[in-house]
Structures are given as structure tokens and as C-alpha cells.
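*Asks:* The structure's right below; bear with me while I get my questions together.
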């Protein structure tokens, strides 16, 4: 059998003091459940294509 991949949404969250903390930004157009990809100089949404540049 193939090796199991560690994927899924759980890698976008971290648990601190019994509470979950989001590690990525959420797309302002798509809403909850759609995380933005982190790049060196920007954040981008893979669904709608929204790009936010870092200051």
C-alpha cells in the first residue's frame, strides 16, 4: 500500500492553552473555510485569485 500523507485542514490550526489558533489568513471574498497561500511578498487565494501584497 502507499504511504499515508499527512494533509488536511488540521495543519492550518494550532492548539494553544486549549484553544485553536489559525495559522493562515482567510480569504475575504470567499469567506470561512478558504485559506490563503503564503508567498514571500504576498498572500493569494487559490479559489478566487484574490492577492494581497505585504507592506
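Every residue gets a Cβ built from N, Cα and C, even glycine.
Residues or ranges marked as Zn(2+) binding site by Swiss-Prot on the basis of sequence analysis: 27, 30, 45, 48. Residues or ranges marked as zinc finger by Swiss-Prot on the basis of sequence analysis: 27-48.
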*Asks:* With DSSP, how much of the zinc finger (27-48) is helix, how much strand and how much coil, in residues?
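*Replies:* Residue counts in helix, strand and coil order: 0 helix, 8 strand, 14 coil.
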*Asks:* Around residue 27 (Zn(2+) binding site), how many other C-beta atoms are within 10 angstroms of its C-beta?
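*Replies:* Summing over all protein chains shown, residue 27 (Zn(2+) binding site) has 21 other Cβ atoms within 10 Å.
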*Asks:* What other residues of the same chain, not counting 27, 30, 45, 48, have a CB atom within 8 A of the CB centroid of the Zn(2+) site?
*Replies:* 28, 29, 31, 34, 36, 46, 47, 49, 50
*Asks:* Here the binding-site residues are 30, 48; which one has the lowest number of other Cβ atoms no more than 10 Å from its Cβ?
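*Replies:* Taking 30, 48 as the binding-site residues, the minimal 10 Å Cβ count falls on 48.
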*Asks:* Which residues does residue 45 (Zn(2+) binding site) neighbour through Cβ under 8 Å, counting only same-chain ones at least six apart?
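*Replies:* The answer is 27, 29, 30, 34, 36, 37, 51.
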